[in-house]
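Quick look at what Swiss-Prot lists:
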- Ala2: N-acetylalanine (MOD_RES)
- Ser12: phosphoserine (MOD_RES)
- Ser24: phosphoserine (MOD_RES)
- Ser27: phosphoserine (MOD_RES)
- Ser44: phosphoserine (MOD_RES)
- Ser47: phosphoserine (MOD_RES)
- 53-63: compositional bias 'Acidic residues' (COMPBIAS)
- 143-164: repeat 'LRR 4' (REPEAT)
- 209-230: repeat 'LRR 7' (REPEAT)
- 231-252: repeat 'LRR 8' (REPEAT)
- 275-296: repeat 'LRR 10' (REPEAT)
- Ser322: phosphoserine (MOD_RES)
- 331-360: domain 'LRRCT' (DOMAIN)
Amino acid sequence: MAAERGAGQQQSQEMMEVDRRVESEESGDEEGKKQNSGMVADLSAHSLKDGEERGDEDPEEGQELPVDMETISLDRDAEDVDLNHYRIGKIEGFEVLKKVKTLCLRQNLIKCIENLEGLQSLRELDLYDNQIRRIENLDALTELEVLDISFNLLRNIEGIDKLTRLKKLFLVNNKINKIENISSLHQLQMLELGSNRIRAIENIDTLTNLESLFLGKNKITKLQNLDALTNLTVLSMQSNRLTKIEGLQSLVNLRELYLSHNGIEVIEGLDNNNKLTMLDIASNRIKKIENVSHLTELQEFWMNDNLLDCWSDLDELKGARSLETVYLERNPLQRDPQYRRKIMLALPSVRQIDATFVRF
């Protein structure tokens with residue numbers, strides 16, 4: 001069922017996923033950039049990729065007619081059931097699937113989550129791209145580890161507090177305005193909430209096993225309430241309303257940080273994030289590379305579409321011996337006819353400048 005859409009998803013500089021599915025409202029060349037680097041983050045194959053095409057349109061206005069479930073043959077002994085794009089309008093008749101572990105119902109016409117109580121062995125449930133307005137009737141699925149209800153019409157996070165074995169939760173591109181009702185999900189490792197209407201990071205302090213958090217393309221104004229997430233390795237906050245890098249001091253295991261398309265003016269607040277290998281601060285209002293000389297494990301540094309105009313700032317990156325990819329295009333620096341040559345001289349380990357590989 002392609003449960004791993006994640007971290008690397010298209011939440012790139014667009015986003016998101018990731019990620020793995022994560023997320024893509026930016027320009028096409030930005031997407032290409034992510035793919036070239038092999039770090040299609042944050043936003044997930046689900047994040048943002050179809051968002052602009054679909055927008056907030058109510059799928060009920062579509063012209064597809066639901067299919068009769070009696071015309072669909074189900075294998076009683078199947079462990080993996082994929083009914084992607086079958087025009088299913090109602091969940092029914094699945095009680096015969098006593099052994100099913102993964103059930104994919106993406107891209108159908110489902111309006112209500114129902115009639116799944118008998119699927120006690122279910123580990124993964126995919127309801128991506130339907131017409132669901134409410135999370136309900138899932139309490140009996142206590143073995144569930146992966147739940148995807150992205151690209152639906154949800155306004156609230158609810159009805160999942162009993163799913164205590166859940167490890168991955170994807171609710172991308174809905175109409176959710178608040179993070180809530182997930183405090184019991186102690187085993188959660190990946191949370192994907194890109195492309196919603198969330199205004200604050202809150203109610204996640206009990207998610208101490210969380211490794212990846214995708215919140216790209218929301219309305220968040222401040223990095224906060226992250227102190228308990230000491231196992232977090234990926235944080236994606238592209239396309240929000242941030243003006244300051246802060247609140248990351250406890251994220252000592254953070255390896256990938258995506259902050260593009262915000263209103264940040266200064267690089268700061270990264271003193272304890274020594275393990276960072278990926279830093280994306282593209283499309284902000286930053287004039288200077290500073291406070292990153294201690295990030296010696298950096299492999300990728302994306303700072304295109306900012307206000308950088310001083311070549312000596314690149315000295316801040318010289319300690320990153322493994323730095324292979326830098327994006328500095330569409331900064332004032334790029335006007336220099338020796339732009340690429342000067343980057344190569346300042347950062348000899350770099351193998352890719354913007355979207356082009358270095359030729360030796």
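Just so it is clear, glycine is given a Cβ too, placed from its N, Cα and C backbone atoms.
In sequence order, Thr277, Glu297, Leu298, Gln299, Ser349 constitute the residues six or more apart from Ser322 (phosphoserine) in its chain with CB-CB distances below 8 Å.
In the predicted model, the repeat 'LRR 8' (231-252) has a mean pLDDT of 99. Residue counts for the domain 'LRRCT' (331-360) under DSSP (helix as H, G, I; strand as E, B; rest coil) come to 12 helix, 4 strand, 14 coil. Here the repeat 'LRR 4' (143-164) has, by DSSP, the following mix of helix, strand and coil residues: 0 helix, 3 strand, 19 coil.
According to DSSP, Ser322 (phosphoserine) is assigned to coil rather than to any helix or strand.
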